[in-house]
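Sequence annotations record features per position, and here TrEMBL assigns transmembrane segment to 42-62, 74-97, 117-138, 159-179, 185-212, 233-261, 273-297. TrEMBL lists 53-295 with the feature domain 'G-protein coupled receptors family 1 profile'.
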Amino acid sequence: MSTLAPLRLLREPWNASEGNQSNAVFGASSGWCQGLDIPSELFLALGLVSLVENLLVVAAILKNRNLHSPTYYFICCLAVSDMLVSISNLAEMLFMLLLEHGVLVMRPSIVRHMDSVIDMLICSSVVSSLSFLGVIAVDRYITIFYALRYHSIMTLQRAVVTMASIWLASTVSSTVLITYYRSNTILLCLIGFFLFMLVLMLVLYIHMFALARHHLHSISSQQKPPTAHRGGSLKGAVTLTILLGVFFICWGPFFFHLILIVTCPTNPFCTCFFSYFNLFLILIICNSVIDPLIYAFRSQELRRTLREVVTCSW
């Protein structure tokens, strides 16, 4: 069975004539341009793993009062966003399997409506995930460089406003994207948003890495043990290093796909790249699996609470 992956509206270029697109497909139909057949079971398995991981993170943060802070609230929202990616993927896969096997019989108009609703949910979770990735990076930057003023800068009220704004903006933007998905302007806005988040985290990484190198040089020259602040700087730099690598690997191909849709929809190379769309979606789901490892499991307090949740030590 061929997988009907989420975000199907972005699978094929629409800004090309049917004849040109057919010629491009024909020109790129040899060798590795045949695409990659990914079984539905892999989508389902990764979706379930991501769902369980992020559900555990949310439960642990809600359980432990010591984790009731803006930093962990942002991590909790990221886990919810990743969880929505998994739920949306699982819902669409199961929905299509039931339709293809005749278990579920529905009118085509209802099927299209439900598919659009699922796509909107997926787009909303994608935008919110990217937003919370950036917010967490900014929050950790403030924690390191403005440690003494952190609680006055990142108040609970500001954190709540930030989270509510992101969820509202994600819902509105996903609705606009699904409604006007054929507009290059909409795609350019989505690509620009991705590049903005990438540059933002890259700048924060460079600054934190420079601070970490300065502290290492200070430790080696003065032969002093590292302070808690220095240790936090080093850990933050390592976290952002992992973040940037995973972020670029998991999200880069998908957004490069969008760039090619806008710039060269009929070029044979671009058409060949389009055939690997399911692989790009697998990478996005993998990002939802890896996110808890980066943001949550590196916290000793959260790891301890996760163990209590898993062992039901309430």
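Count begins at 1; order follows the chain as displayed.
Backbone N, Cα and C atoms are what each Cβ position is placed from, and that goes for glycine too.
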Leading stretch by Cβ pairs under 8 Å, where the reference is the transmembrane segment (273-297) and the options are 74-97, 117-138, 185-212: 74-97
Remote residues contacting the transmembrane segment (159-179) - C-beta distance under 8 A, at least 6 residues beyond either end: 9, 70, 73-74, 77, 116, 119-128, 131-132, 135, 186, 190
Segment-level pLDDT (mean, integer) for the domain 'G-protein coupled receptors family 1 profile' (53-295): 80
